[in-house]
Every structure is written in C-alpha cells, then in structure tokens.
Amino acid sequence: MSAQTDTAKQSKPAADETTDLSKQYDTPLGLAHTTMQALKDRIKLHYDLASDYYLNLWGEHIHHGYWPTPSSKATDTKETAQLNLIHLLLSTAQLEAPAPSSSLATTTTAAGSIVSATATDGSGGAAAAGQQQQPQQLRVLDVGCGVGGTTRYLASALGASVTGITISGKQVAIARRLSLKTAGNGAAGTGTGGDDDGKGIAGDAQQQQQQDGGGAVMEREKEQGFIGVGAKGGRVRFLELDAEKMGEYFSSGGGGGGKNVADGEEKDGDGGEKAEGFDIVWISEALSHFPNKALFFRNAQQLLRPGGKLVLADWFKQEGLSKAEFEADVKPIEDGMLLPPLCTQQEYVDLATTAGLKVLSPPKDISADVSKTWDISWSLVQNPSLWAFAFSQGRDGIAFLQAFRAMRRGYANGSFRYAVMSFAKP
C-alpha cells in the first residue's frame, strides 16, 4: 500500500450515528449459494456468531413488529409491536391469550373475545364451564425459536409446554440462560430454577402433577430439561436441532440428532412426543431459511395431533415480478439474509394442502403494518461498532447488514411481502 493511499484512508471523516455505513463497507452482492448444505452451515455459523448482537438489537423476540392501526403506529414501541404480532398469530389459530398492553388490547379478533388458551382442548374448542378435571396442557413446538422469547411468552401466556428448536447451539445456551433467569427472578411465576446448574427446573411440583396426571410425567420432563415459566404452569425447553430432522427426531422419541442442554451438559434428549404429538407447531420467520419447505410441511403434519394447528408467519416475494424487479429488490434480501429462493404466499398454501393440512386462516398480507420494523432497525444499525463487527465476519456479515436497506426498498416497492396464515390437521 502506498503512503499516499494510506494517508487518504486515515483522513477519511469518522462515521457518526447518521452515516450510511453500508457505503463505507460495500461488498458485492449476488454470490450464489453453492449447495443447500453449505447454506445451512452458513446460517448456523451466522446465528452462532451474531445472536448476542440480535439480542441487543431486537431484544428477546427476533421477529417483526406489527402496527395495525394509526394509534399503534404512533404509540407502540417495537417491543409491544412484537407482542402484537404474536397475538395476531394466536388469533389466526383461534387461540387467544390476554392481549399486550397496547392499542390492540381492546381489539376483537375473528376468534371472538379474548379467552385463555388453557381453557381449550387440543382442537381449540372451549372446555365446558365448571369442568372439574384439569384441561390437558397444550404442547407447542416452536420451530426456529431464536433465543426463546416467543417460546417463553407462549408458555407463560397459554400455560403450555413449549419446545423450542434452533440450528444454533449458541441460541440454545442463551435461551436457557434467559429462561432460568426469568424463572429465578419470579418474573414468570412458577419456575423454581434460577441457578445455572439447571436443577429443579420443572416448576411447581403440585401444579405440574395436576396438569400432567402425576409425578412420573413431571420427572420425565425434568430429565428433558424443561424450565417452569409463568403463573399458569407453563414450561419451556430448548434443543439444538436442524428443523429438517424434526419429524425423525420427535417421531422416534427424541433419538434423532438433537441436543438437549440440561443439568450443565449436552445429551441426547428424549423427545417425549411420540405418543402425544403437538397441539401447535409455531414457526415465525424461519421457514424462508429452509431449503426443503415441502419436507417441513410434511413433518408438521406428521407431528401434529388430529385437530392440531400449524401457525406461520414469513417473508415472501410478490407474485409476477419482472426479472429487473427481482434482481433489484428480492435478490439482495435472499443473499444478505442467507435465504434459498423465496416463495409466494400461494406456494405455501399449495405445499401445506399437498401435505394433508387444511387451510384454517388464509394468508393475511400485513406488509404495510410490519415494514416499520426495518425503519427502526436501519436506524439502530448505524453504529460503527456493529459494522466493524460485521466487517470482521467477512462477506456474509456485511451482506446481512446491507440487506436491511434492501428490506426497506422491497417493502416500499411492493416486491417483498409479509404474511401470516394457519393450517389444521384434519
């Protein structure tokens, strides 16, 4: 490097919080994913490296916020908006919990007035009034659970037993740490854990026995690494598991390659769902990462109980895009966000029905009500230290942050879409 070039670099003005740092760290986009396995490896590495930054950037819920009304757009924080999205998804499955403290609190959904999902049976029907027997606890599979924010929220709000799976071991460790901290602080109610050795993490014993029919089930779930959260007896656990293997893993009782981090060590987990199945398979902004989406829908259908529901939120491309529109708006998102080719909303419906599921709630396009997420995110990532970290991670790190700008452009042009939908197993 010449002295003249070196001097020029040193004289470059320092970036401040308003600087568009993607121009400073520009990198060519459009590098093809060589193989789907290589793409999955890059996704795993990305989340292992960046999950702490995700936590600082988005908080415990690593997904879009939802601002459906002028009032919510004016007043709801991104954290409240993220809870708004969870409750919208619950409403698509006709399973409601007390609404977050926001402009949505008085909103009536298609499912009717807000009721507690713990008072429903496995198919979503209301339990008989005055019923003496404890309702069966909902079993939920949260696919692509991130650091467990939604997993914990569903368990606490619904009193459910929720298993979160992620391809990232780092995310599993963070999710368990946050769950134990929540339980230990008493912030979520019944959890008795709080020490990092993971002992005593199944929640209140008496309540567990009432809901599960005896201490044997409680002991089994302690061995599986469940952590009690919430006053309704909810519990969570987290597994490092490739979602494409979830059908094999849970159908075989848990011996198919997942890691359950419990009691301070990694061990093969007993899935414990072979006989019971799941009442809900929940997947929010994760399916777009999966190379084999048809396999996911087949696995979800296989793992759901009869009457069980698949609840889904994801990113889509608009139908009928020209090549120029795709290259300008969608390709940079696929590249920077480590995505195989994006689908349309109708393609998800076709895959679900082919797998044997029926449409419960058809796709609801909420792009205009979630796009604010990327205005907020773009302002947050204008921190030079974050770009320096991304630069240290190479091309994928830089392309990821550059994709934030592409997200905003895609929403503005209508070529990039966001929708929620749900399906049921007959």
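Cβ coordinates are placed from backbone N, Cα and C, and glycine is handled just like the others.
Record features, source TrEMBL:
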type	residues	note
COMPBIAS	1-10	compositional bias 'Polar residues'
COMPBIAS	202-211	compositional bias 'Low complexity'
REGION	1-22	region 'Disordered'
REGION	140-149	region 'SAM motif I'
REGION	184-218	region 'Disordered'
REGION	252-273	region 'Disordered'
REGION	303-312	region 'SAM motif III'
Short question: which residues 6 or more past the ends of the region 'SAM motif III' (303-312) have a Cβ under 8 Å from it?
89-90, 92-93, 95, 121-124, 141, 246-247, 250-251, 273, 276-284, 287, 297, 348, 352, 357, 360, 420-426
Which whole-number mean pLDDT does the model give the region 'SAM motif I' (140-149)?
95
By DSSP, how many residues in the region 'SAM motif I' (140-149) are helix, how many strand, and how many coil?
1 helix, 4 strand, 5 coil
Helix-strand-coil residue split for the region 'SAM motif III' (303-312), DSSP-based:
1 helix, 9 strand, 0 coil
